[in-house]
Each structure stands twice: as structure tokens, then as C-alpha cells.
Amino acid sequence: MHIAVVGLSHRTAPVEIREKLSIPEQTMETSLQTLRGNDQILEVSILSTCNRLEIYTLVRHPERGISAISDFLGQHSGLATEDLSPHLFNFHHDEAVAHLMRVAAGLDSLVLGEGQILSQVKKMVRLGQEHKSMGPILNRLLTQAVSTGKRVRSETNLGTGAVSISSAAVELAQLKLGQAQGEDQLMTLESELVAVVGAGRMSRLLLQHLQAKGCSGVMLLNRTRQRAEDLSADFPELPVECRPLDDLNHCLSTCSLVFTSTAADDPIVDASLLKQLKRRSFLRLIDIGVPRNIASDVVDVPGVESHDVDDLHEVVSRNQEARQQMAKEAEVVLQEETRLFLEWWDSLEAVPTINRLRATLEAIRAEELQKALSRMGPDFSARERKVVEALSKGIINKILHTPVTQLRAPQARPERQQALRVVASLFELDPPLENG
């Protein structure tokens with residue numbers, strides 16, 4: 001068995017490729033079942049965010065397993081192999097484990113150290129458990145990754161003042177406003193007519209950062225108006241006007257700055273729509289949805305400026321240097337957590353031998369106990385029989401404790417295999433199985 005991950009991220013693929021591979025929660029079960037149905041894949045879980053799609057698996061054979069996952073991604077995206085392959089990465093075993101730890105800690109994020117990725121890894125664990133696509137190996141790995149992410153944020157400075165995709169989007173708007181005025185600095189949004197389209201987690205973070213940046217008010221649109229009103233209630237100090245998504249045209253006609261973050265599969269704003277509107281001002285669109293909510297052709301419309309998640313690099317690079325130093329602190333934690341998981345994985349090699357040893361001793365115990373009880377006669381009470389049986393089981397457990405502990409302890413693989421062979425020979429057990 002082998003741990004493997006195949007995927008792509010903001011580091012390897014532009015948003016126009018990433019959006020084709022995005023797997024929304026409503027189709028996650030189908031995707032997991034499809035992958036789990038492949039005889040090469042024993043366990044699987046999927047991490048799908050605006051900046052990455054990564055499929056973590058336990059496979060029978062690394063090359064064949066990775067090939068099966070790549071085939072699935074090609075079918076899911078509709079992209080030809082030659083168009084998709086250059087954007088994919090894959091890691092096997094210890095590299096896959098180390099990569100997941102980095103992802104959960106936020107060290108592989110566009111915004112270094114951002115906290116939202118940890119929530120997304122938790123969601124990956126929850127969906128994998130709900131849809132029963134994970135077994136003991138991935139459960140252990142992903143649970144430890146979540147713990148690692150928490151540990152990095154509590155034991156290092158990386159989580160201090162960490163920014164997110166949403167906060168970077170707000171800063172990008174401030175930067176573009178400043179550049180439009182001939183200043184390469186962040187400008188206040190106080191005079192902007194701002195709208196947020198969508199009422200999910202990203203929109204919540206947008207409202208949080210807009211309020212912190214001094215925004216004077218926001219128009220909040222959502223398909224379900226009630227959800228928008230529920231969200232706005234959490235920001236009593238920020239004037240929020242809630243509207244249904246049907247009022248999108250009005251929003252685009254009156255606002256000067258519009259953020260979009262919906263779960264729509266197709267763009268909700270394109271050039272043909274904007275050309276029909278009588279706009280009152282210059283319109284700046286910032287789209288943090290994946291798939292994208294804003295069609296790429298809007299840049300052809302006069303008086304319209306559009307940015308997507310890939311454009312966040314411009315603002316993120318301005319404050320990454322200090323965070324790079326903080327990331328070095330986190331690397332120590334990641335190396336330790338990766339080592340701990342791999343030691344646990346190596347210890348699994350001893351499990352078949354331990355189980356056979358326990359079964360052998362249990363059979364001997366049961367046989368000898370039965371012989372002894374048969375000689376006790378009818379005067380031996382049921383209570384006394386239970387006491388003797390418990391005594392015999394306790395003796396077996398005491399005998400097994402030290403050898404089992406030693407077989408599971410961290411050690412070089414050749415030494416462990418030699419110990420397993422000795423135990424198997426002494427107790428006439430079957431040879432231990434090799435664990436890849």
C-alpha cells in the first residue's frame with residue numbers, strides 16, 4: 001500500500017484551468033465514489049478550494065494509482081491529457097505526507113499562513129468520513145494534518161496577523177484605487193459604492209475586512225435574500241443593504257466596486273450584460289469565485305476593470321517577505337509531525353505478526369484453560385471460572401506487552417523486519433507481510 005496525492009494549485013495552474021477541475025460539495029460524493037470504485041484506490045479524500053484541487057489516496061501501486069487519478073481528472077475536467085498534464089503534480093509516500101502538512105499549515109497557500117485552508121482541510125476530513133471513502137490510514141493522516149495546522153498557528157508566529165484571500169481581495173481594491181489616482185499605495189474605500197455578491201464564508205470575510213478598512217456601506221446580494229440578511233445581522237456596525245440576486249443589474253449599474261464570491265458553475269456577469277447597462281461610474285470587479293463568476297470578456301467593455309484570484313499575487317507579494325521568515329519556524333513543526341506519522345506508518349508493518357502472535361497465544365490459553373477447568377469438576381462455580389479465565393488473559397497480555405511495544409517502536413526498517421522474522425520463527429508463525 002502507498003500514500004499518494006495528485007493535484008494542481010495556484011502554483012501550477014492558472015484560474016482558467018483550476019476552475020475546470022473544481023469539485024463543489026454537492027458533487028463530492030459522486031466523485032469520491034467514482035475514485036473509490038477503481039481497484040487501484042483503497043482510500044480517497046478530496047481537497048477542493050479556489051486555489052487548489054488535491055486528491056489524497058491510499059493506493060495499491062503508486063504508478064498505477066497516480067495514473068488512475070490523472071485519468072479521473074481528465075474525464076472530470078474535459079481537458080485533453082496534453083493540456084492537463086503540465087499543470088498536475090503528484091507526490092508519493094513521505095513527500096505526499098510532507099506536502100499535506102505544508103498545505104494544512106498554510107505554507108503552500110497563495111497568502112502565506114492564511115487560516116482558511118485549515119477549515120478547508122477539516123471539511124475534507126468531514127466529507128471523506130460522511131461518504132465513507134476513507135479508512136484508517138487516511139483518517140489518521142488527515143486528522144494529524146489538522147492537528148499540525150493548529151500546532152503551527154499556536155506555537156509559531158505564522159498565524160499572527162495572518163491574511164486571507166478575502167482580505168487580499170479588499171487590499172487589491174485599495175491598491176487599484178490608489179494606482180488609478182497615481183499613488184502606489186492602499187487607499188480608503190470610504191467613497192466607493194461597494195457591493196458583495198454571495199453570502200457564503202468568503203463573503204463573510206469580505207464584509208469583515210471591508211468594515212475594518214473603513215467602508216461606509218455595502219450592498220449584499222444573494223439568491224436567497226434571507227441568507228444575506230442573516231449574514232448582515234452579524235455586522236451591526238456596517239450599513240448593509242440586502243437584495244436578491246435578481247437585482248444584480250441594478251448593482252452593476254450603480255456601484256463602483258463589486259466583489260463576487262458565489263458557487264455558480266458559470267459566469268454571472270459577462271460583456272453582453274454590462275453593455276446593456278447604463279452605468280453611472282467606472283466599475284471595478286474583483287472575482288474570488290472558482291469557477292469564476294466574471295467572464296474574461298468584460299475587459300473589452302469600456303470603463304470596466306476586472307480582477308480574479310490570480311491577480312491577488314500583486315498585493316500578496318507586498319507583505320510576504322516578513323511571513324517567509326515566520327514560515328521557517330513552522331518548518332520545524334512540520335518535519336516533526338511528518339516524522340511522527342511515518343514512524344506510525346512503519347509500525348503497521350508489525351501488525352500482522354502481532355495479530356498472529358496474539359492469536360497463537362490466545363489459542364494456547366483457551367486450550368489449556370479448558371483442560372484445567374475440566375479437571376475441576378462441577379464444584380467449581382461459574383464465578384470462580386470467570387476469575388481463572390480473567391487471570392489467564394491477564395498473563396497473556398503481560399507476556400505480550402513488552403514484545404509488542406518493541407515491535408511497534410520507531411526503528412530502522414531492516415531491524416524491524418529482522419525482529420519480525422525472529423518472532424515468526426520462534427512461534428512458528430507465517431512470515432510477516434511486507435508493507436510498502
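Heads up, the Cβ atoms here are built off N, Cα and C, so glycines get one too.
Just so it is clear, the model here is predicted, and its values are computed rather than measured.
Sequence-distant neighbours of CYS50 (active site, nucleophile): residues of the same chain at least 6 apart with a C-beta under 8 Å from its C-beta are ARG18, SER22, ILE165, MET202, ILE288, GLY289, VAL290, VAL309. Feature annotation from Swiss-Prot assigns active site, nucleophile to CYS50.
Around GLN120 (substrate binding site), taking its Cβ as the centre, 17 other Cβ atoms fall within 10 Å, counting all chains. The annotation substrate binding site is assigned in Swiss-Prot to THR49, CYS50, ASN51, ARG52, SER109, GLU114, GLY115, GLN116, GLN120 on the grounds of sequence analysis.
Following the DSSP three-state reduction, the secondary structure of ALA199 (NADP(+) binding site) is coil. The NADP(+) binding site annotation in Swiss-Prot covers GLY198, ALA199, GLY200, ARG201, MET202, SER203.
Note: HIS99 (site 'Important for activity') has non-local neighbours VAL5, PHE91, ASP108, i.e. same-chain residues 6+ apart with C-beta under 8 A of its own C-beta. Per Swiss-Prot, site 'Important for activity' is recorded for HIS99, and the stated evidence type is sequence analysis.
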### Cα separation, GLY200 (NADP(+) binding site) to ASN51 (substrate binding site) (Å, whole number)
17
### Query
At the level of the C-alpha atoms, what whole-angstrom distance separates GLY198 (NADP(+) binding site) and GLN120 (substrate binding site)?
18
### Task
Between GLN120 (substrate binding site) and ALA199 (NADP(+) binding site), find the distance joining the two CA atoms and give it rounded to the nearest Å.
17
### Task
May I have the list of same-chain residues other than THR49, CYS50, ASN51, ARG52, SER109, GLU114, GLY115, GLN116, GLN120 whose Cβ is within 8 Å of the Cβ centroid of the recorded substrate site, in sequence order?
GLY106, LEU110, VAL111, ILE117, SER164, ILE165
### Sorted by sequence, non-GLY198, ALA199, GLY200, ARG201, MET202, SER203 residues with Cβ within 8 Å of centre, NADP(+)
VAL196, ARG204, LEU205, LEU206, LEU231, SER261, THR262
### Rounded inter-Cα distance in Å - ALA199 (NADP(+) binding site), SER109 (substrate binding site)
23
### Spatial neighbours of THR49 (substrate binding site) that are distant in sequence (at least 6 apart) but have CB under 8 A
ILE117, GLN120, VAL290
